[in-house]
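Participant: TrEMBL feature annotations, pasted as is:
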REGION    336-466  region 'Disordered'
COMPBIAS  344-357  compositional bias 'Basic and acidic residues'
COMPBIAS  390-415  compositional bias 'Basic and acidic residues'
COMPBIAS  441-455  compositional bias 'Acidic residues'
REPEAT    554-596  repeat 'ARM'
REPEAT    648-690  repeat 'ARM'
REPEAT    897-939  repeat 'ARM'
REPEAT    979-1012  repeat 'ARM'
Amino acid sequence: MGVALTRAAQWTTASSGTGKLEITPVNESLLKEILEFVEQFSSRHPQEAKHVFKEPLQWTTSLEASDFKTEYDISGPTVKSHETDKDGHPMLQLTPPSISVHSFSQLSKIVQLATDKRLKEVRACLEANRDPVAKMLGPSFATVEGEDSSVLRLLEKVKEGDQAKETEIKVKLIILLQQLDTQLLSNSLKLISQEVRLSPAAVKNDVELLKSFCSEGEKRVLTSVQYTSDYEFTNGCRTPPWRQVHGEICYLVIKPCDTQPLHITCSTAGVFLNGGIRQEGEENSYDRTSDVYKDLVTLLKSKSPHFAENINKQDFAVQEELPTQKVQHVELVDAEEQGQPQRSYEHQEKNVHEKARQQLVQNKPGGKKKLEPSLKWKNLGLASPYDEADDKKSKKNAVSERFAETQEKMQKKADFSVSSLPGRQSSDKTKTPGGVGGADDFSESSSESEEDEEQSERRTESNTDLPSEYWQIQKLVKYLKGGNQTATVIALCSMRDFNLAQETCQLAIRDVGGLEVLINLLDTEEIKCKIGSLKILKEISRNSQIRRAIADLGGLQTMVKILDSPDKDLKYLAAETIANVAKFRRARRTVRQHGGIKRLVELLDCVPDSAALTEEQEKDVEVARCGALALWSCSKSTRNKEAIRKAGGIPLLARLLKSPHENMLIPVVGTLQECASERSYRIAIQTEGMIEDLVKNLNCDNHELQMHCASAIFKCAEDKRTRDLVRQCEGLQPLVTLLSQADNKQLLAATTGAIWKCSISMENVAKFQDYKALETLVGLLTDQPEEVLVNVVGALGEGAQKPANRATIRKCGGIQPLVNLLTGTNQALLVNVTKAVGACATELENMTIIDRLDGVRLLWSLLKNQNPDVQASAAWAICPCIENAKDSGEMVRSFVGGLELIVNLLKSTNKEVLASVCAAIAKIAKDEENLAVITDHGVVPMLAKLTNTTDDKLRRHLAEAIARCCMWGSNRVLFGEAGAVAPLVRYLKSKDSSVHQATAQALFQLSKDPNNCITMHDNGVVKLLLGMMGSTDEVLQEAAAGCVANIRRLALANEKARYG
């Protein structure tokens, strides 16, 4: 494995140990084979898989604690394997984001746990451990050049009998790894041998041809083409020998007419931009800074719009006849490039090349027949003048024959590389994004939403593969670049006549450098040019690649400045374009950092709210609407939410919420529901009287507006005051009515969520009961997406707190679908389902159905779930099930390992889990046989260990569990010996009366042991209990009195024994 990584794998830099694996076919093949090897290693070689590495393999992982199942100890984000080495150290340890692995068996398990992230994990591991064999077996097995005698040394140790067993495993392991190396190298060689690579002669011919384009005048394509070194080695290379070993042929500086000079490396694998090599010795300048292109022309087309435009015109004539040797060489360059699989459109082009080659061979014997260059060089304008007419005619026919096929291709993949973006800077018009220091502000890696956007492929098709709109847009961009104000306005108007919603047109503008021009026009003083540019940018910015390109070119900063313009058309167009662009985190951050949030909030200050508006007032409303749209996009960032609040956005949004215009209300409510995740906004929504407006809009006919209103109520109803306001504003009935919109899943999810949160208040539950909401909700328990089910079950769980509703759920057939949902995997859904089933189980008839459907067993199995919320909710649900089951003791004992499982949960660190488990143990301990079993499982010391808690909820249920557990054998004595008595006395000082009752009962049971009475008396229990003996709670009275009586009896017995 080490040899393959050193010799066959392709790394991003030449420096050892610092590079990353490139995304190439060779590397992908290597990774897949290594993945397969590791995946099957444990099953094929179990002994070798357990071998402990000399040093652990460590890397940055994307796995989290939730990805690990059994066989691992999980403590918060940290994970340790149960499997340990002879010193007791875990064989796997995860401390996010770092993971450390000591054996192949754990590597195999990681691969299985990673599922769809397996290749990513293998890549990360190999990049962090460039020589994994040395870490697995020790430094003496490090990958070296020449003869490797490490196996011979191991065999000598086997002969000597020195730790023979371990050495034998090492021998087998090194042989297996060497077999893998051989296989990897063999397969890599096959892949590499199929690829055609550039040669020094090929590059030299390309350079000579490009130099012929450096003429003066209007038809000039390039300014200059120069080598960085004049010295040429005998092999044709111009790079230093230590760079030639990496396949590098020469370095060029090419100056296009419209961009900065390009520093290019030509290598056997292709051509690419470097860090700017000017002289030998600048090591960091050799690093690749762009994608690898198959030849110089392809790179220049990608980086220079002027070059691409003029080459595609095909109006260059040959200056001199091409020698035969050059023509033959050019054909080789067209062959498939390393790491760039040939695509379908390239295959067609290659077939044309093959025909040209055959024609060349046929013409050669005649001697006087003209030599014809390949089609690629004809495209560059190097055909003879007398051939141009025939050539153009044949191309015209080719276009008509292939246009239909081209259209289909463009629909499937009008998906151009972000790397082919004109990130190049136009020398006369293009501006630098962000001004001084901008590079530092925007140098962060891509955000989560950026990662979701598709990686697009580079466009390399010839002009015959593109629709006419592409070339028409190209011409219009040319007028934009060089025309006067009138020509620019006409070009902008003409461009708007195209279907800018079509992706081909959108990307055509970007590919020919139109985006830079449009953004530069925003810096002019001409209002018409700005408006025209913004109207186009507004349409094309719906495309995710265009959005990123606009952000890269500094367009957002310019649009933020335009928000200060007195012209209202400019304001609303700039705001709407910002709304489209700010769909990913980097763009939202840019808007905030350049003062965009404050400016957008100021746009909301729109007075008119009547239905009939003047033309000027309509513009004011449109400005405010677009400002709200932009804030809606920006509000997906937490910092932006805070910035909106500080800029005074809440009262302005509250005022706009009263608008009669639905197109205004949608972005306003959308912004509010996005911001309602923050408590400060929820309080503001209450105090600004927005709940009434949200409820009013629930009755409108616009489903999108209804959905956003319901979603806002869903988030705000976490607070009791909001729940009361929704009821007082008569908003509960409209929510129930919206349940009929079962086909609109987004609206249904928002509506059920609002009903769930409103149901937390019992007054609202009574209203929902009157509106027959539960019957409708039960009908939604099947055939719904999980986001709807979570909310529906949550609402039923809250509603089932009332006895009448529990009967309603049963009569409507809701018990069975609820029990069926216990087998799901969605954690939020499981928490709500267990709560609903537990609430229903408090009715005897419901419990009978749950028992028959094996619901209690399913609840018990959820105690194994890794999520503490699910564990706690399941334990709470088990309590009423045990209490209401016919033969609960026998039922509990029928669950194999069930009692041990619930006792072991007392080791949890989550207080809610502990409280729920203590409550369940109190129910279980009512059965004497079960109490005996849990005593054997060590329940007494575990309960005693928890007594120092200060959490009143846990105190109450812990005291109940202790009281019940005292009724078996010598448990009372064991609790005293475990130090549980003194902490229990302190519970009587709690302000929670329910804690007093449970504690008094526990102390009463414990006081039946003389030593416990002494401990209680020493801790001042008598005074506390005397006060409670006068309580109105009879259970508390009786327990307190019984405890004091036992202490008194012990004192009397002691006196009698002492004095006779």
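Sequential numbering from 1, following the chain as shown.
Cβ from N, Cα, C; glycine included.
All TrEMBL annotations are machine predictions without curation.
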Participant: Under the DSSP assignment, what numbers of helix, strand and coil residues are found in the repeat 'ARM' (979-1012)?
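Facilitator: Grouping H, G, I as helix and E, B as strand yields 24 helix, 0 strand, 10 coil.
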Participant: Treating G and I as helix alongside H, and B as strand alongside E, what does DSSP give for the repeat 'ARM' (897-939) in helix, strand and coil?
Facilitator: 34 helix, 0 strand, 9 coil
Participant: Mean pLDDT, the repeat 'ARM' (897-939)?
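Facilitator: 93, rounded to a whole number.
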Participant: May I have the DSSP-based helix, strand and coil counts for the residues of the repeat 'ARM' (554-596)?
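Facilitator: For that range the per-state counts are 32 helix, 0 strand, 11 coil.
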